[in-house]
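Comments concern the structure below.
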Amino acid sequence: MKSHHHAKSRPLSSYLYFGVFTVALMFLTWLNYDVELFTQQVRSKDIYDPQFNITLPIDGPTFTPSKNYSINVQNAAVASDIEQCSKLGVSILQEGGNAADSAVTVALCIGTINSYSSGIGGGGFIVSKLIDNSTALSFDCREMAPSKSFKEMFNYHEEKARVGGLAVAIPGELKGLYELFQHHGSGNLEWKDLVLPVAELAEVGWTVDPLFSSALKSIEHHIEEHSYDWAFALNDDGKIKKNGDWINRPMLATTLRRIAESGNVDLFYDPESDIVQSMVNATRKYGGILEASDFAKYRVRIEESLTLHNFTFDDLTVYTSNGASSGLVLLAGLKLMDLFEDFKEFHNDFGAVESQRLVETMKWMASVRSNLGDLNIYSTNETEIDNHRKRYDKYKSDEWAIETHAKINDSYTLPSWKDYAPAFLPNDPHGTSHFSIVDQYGNAVAMTTTVNLGFGSKIHDPVSGVILNDEMDDFSVPTSSNAFGLHPSIYNWVEPYKRPLSSCAPTIIVDSSGVPHFVIGAAGGSKITTTILQAIIRVYHYHLDLLDVIAYPRFHHQLLPEEVLLEFPRDNKLIRHLKERGHDVRVQAPISTMNGILRKSSGSLIAVSDHWRKLGRPWGF
């Protein structure tokens, strides 16, 4: 028998392997505990909206959505934030109108009821596709800066771009809707047929829902301080309206009725009009610089939509918004994702590789966006125009997509935000509402509309009944502080008659015959484009049902801050996958809201509104 001290010694490498294994096991145990604790903390929180600084009365995203919030119809559908507005839009279609006609009524309806997110005192973007046209039109009705605006006007006083008269830009929504009616309307209905139903709604009123009640509560002090201006939002006892109360907007009803009967929108843009004078006086009362003549200078930018052909290599065509929107950012993201050739190996975007690819694409999209900005519609500076064209052409190119795609690694994120080469600090828009329409003739409209932050500038003109935007807050301010050392974008400085860069990207996808297959858009400020990207990828690469596409939690990355925003995860795995690849993760819900319509192979339409985040309901027939 051999003595113990003569036993063969263990190789040093075996101890080394054992040590490495032990450390790795300890790390994985810690990571699992960290993720478990993180997830438990997240799920114990209420759904909070930082824009309004309130807890929202909604269910939030879910992996088990009820089919009651989805409709399957044969002819036409409207998907919006408000069931009443979806129904009004469908009634226009049933009276012989088309998608463009219906969009006018739906937009005005949403702005009347959900005035915290949109209205004729704001602006937006419209993409419209007629079945017999080979292309789609983009209507940029984004607000424009007043004539007396200048680059340094908010230096060291950025709060003035959010509340008060200086925050107000020239409204564009109403003119955009009229141009849509003129260019793509059916011709079967008159302008007044589309506007009067909303005037009647504003006159008669409706029941305050939990979201509007919460939005009012968030500015309760402001409303009570300016009770004369905000009388429509107060009960007889001087307290703000709450959930279940009846509310109406009689002054807005009068304005809409006059615009309807006039047959056009001149009353809203003629400097001699009493409506214009009233809105100008309201902004001047709170320190604004808007002039009556500014309204006459407003122009809707109408051009062909940005287009991506042969999407998913399957004869699909993507149309999205042009102008001061982020349609180009969306197309850049779609081009990157389309270069991955192994989607068939995956089933959804919550796996390790799938989530990594999507997040990295989102980070590159943020880099693209940092290079964008509007051109003054009256600009004659050839150098500026040429530089603008070159920047946009770069991100439309296949060369950029291929070069950038090669930098995306399935196993890790790049070490620093600097590796994504953002040119400037992107702005961070807010607010918005989106709706989608497909009519019985095969026409489609996608529109995203906004007054920016909740109730815009917080100015309600008690004479015209219009709530005015605070879109000036979406411009870059030279003195903005930034912990990352990035300068505010020179492409997004304030300039007379310029439009601030927007995150909106309303989108229509058609098949090889030009028939609308998917109409989609989102609300949620800087999260809009990433939300639409994720929806499109879920539909076309993972083949999820539209109900799941919209109800499921989603995630977002905008490069800075360096974190993935995540709605409630299914389990710990996604958080672990992201952390293992070098990402910081923060949970926030809701990230954004979506309303969409998808055509099934049978030809019927599935419409889903985002009930889980904004109580929306679709309608159709």
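Numbering starts at 1 and runs along the chain as displayed.
The backbone N, Cα and C atoms fix where each Cβ goes, glycine too.
Predicted, not measured: the structure shown is a model, and the values here were computed from it.
Taken from TrEMBL, the feature transmembrane segment applies to 12-33.
As annotated by TrEMBL, L-glutamate binding site applies to Arg142, Thr450, Val451, Asn452, Asp474, Ser502, Ser503, Gly525. DSSP gives Ser503 (L-glutamate binding site) a coil state; it is part of no helix or strand.
TrEMBL lists Thr432 with the feature active site, nucleophile. Counting every protein chain shown, the Cβ of Thr432 (active site, nucleophile) has 27 other Cβ atoms within 10 Å.
Spacing of Thr450 (L-glutamate binding site) relative to Thr432 (active site, nucleophile) is 4 Å (Cα to Cα, whole number). Comment: L-glutamate site residues Arg142, Thr450, Val451, Asn452, Asp474, Ser502, Ser503, Gly525; largest CA to CA distance 14 Å, whole number. Asn452 (L-glutamate binding site) and Thr432 (active site, nucleophile) have their C-alpha atoms 6 Å apart, to the nearest angstrom. Classification of Gly525 (L-glutamate binding site) by DSSP places it within a helix.
Between the CA atoms of Ser503 (L-glutamate binding site) and Thr432 (active site, nucleophile) there is a gap of 10 Å. In the three-state DSSP scheme, Val451 (L-glutamate binding site) falls into the coil class.
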